[in-house]
Amino acid sequence: MKTLISCLFIVFFFGTSMVASDPDMLQDICVADLSSAVKMNGFACKAASNITAQDFFFAGLSKPGNITNAVGSLVIPANVERIPGLNTLGISMSRVDYLPGGLNPPHTHPRATEIVFVLEGSIDVGFITTGSVLISKTIHKGEVFVFPKGLVHFQKSNGDKPASALAAFNSQFPGTQSMAMALFGAKPAVPDNVLAQAFQIDAKEVQTIKSKFAPK
C-alpha cells in the first residue's frame, strides 16, 4: 500500500508540475477573439478566415512612453491583449522606461518568470525570496537579470539619465500585482486596522498612505 501511495504521489507531483505554466497549444495558431463572450482559461480562438498579419504585430515598444506618474517609470505591455496572436503561445514582453531615479515599484507576476534586458542606462534590480532574503544587483546596458515566478521584485534607475529595458515572460498574460496598490488602493479597501497592525503604524498613517493611491 505504501508503495502504491508513493507511486500515486510521484505521478501527481510530476503530472501537475509539467503544466505549471501556460498550457501547450493544440493547433498551429489560436488568435485571441478579444470580443468573445466565452470565458475560459485564456481566450477563445478567432475564426481562421478573420486572421491577419496584424494579429501578430505590435509597434508599441518601438519608442519610450510618456512618463507622467509619481514613481517615474512606465511599463508598456506587449501581451495577448495587445497581440491577439500570442494566445496559447506562452510568451509576452514589455518595455519599461525610467526617468533618472525612476522606480518600477515592488510587484509580482503570479503567472510568469521574467527576464529583463537593459536597453539604456543602469538599473538597480532585486527580488525577495519567501525566506525574506533580498537578491539584488546593478545591471547596465546589454545585461540581463531574472526574476523568478511569483516573487516580489523591483527595478530602479540609478543614473542621472533616463533608462529603458525590455522584459520577456513565459506567459501570454503574466499578470502584475503592485504591492503598494494592492494593499493601499484595493476596492473595497483593506481595513485600516489590518494594515495598521501589519505595518506597525497607526490608523492615521494608513489613511495618509491610502490617500496617495486614491483615484485622481
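Even glycines carry a Cβ here, placed using N, Cα and C.
Sequence annotations record features per position, and here TrEMBL assigns oxalate binding site to Asn104, His109, Glu114. The local packing around Asn104 (oxalate binding site), expressed as other Cβ atoms within 10 Å of its Cβ over all shown chains, amounts to 25.
Residues or ranges marked as Mn(2+) binding site by TrEMBL: His107, His109, Glu114, His153. In the shown protein chains, 23 other C-beta atoms lie within 10 A of the C-beta of His109 (oxalate binding site).
Marked as disulfide bond by TrEMBL: Cys30-Cys45. Sequence-distant neighbours of Cys45 (disulfide bond): residues of the same chain at least 6 apart with a C-beta under 8 Å from its C-beta are Gln27, Cys30, Val31, Ala32, Asp33, Asn87.
Annotation comment: TrEMBL describes 59-207 as domain 'Cupin type-1'. Shown for the domain 'Cupin type-1' (59-207): DSSP residue counts in helix, strand and coil, namely 22 helix, 59 strand, 68 coil.
According to TrEMBL, the signal peptide annotation covers 1-21.
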| Just counting, how many other CB atoms are there within 10 A of the CB of His107 (Mn(2+) binding site)? | 19
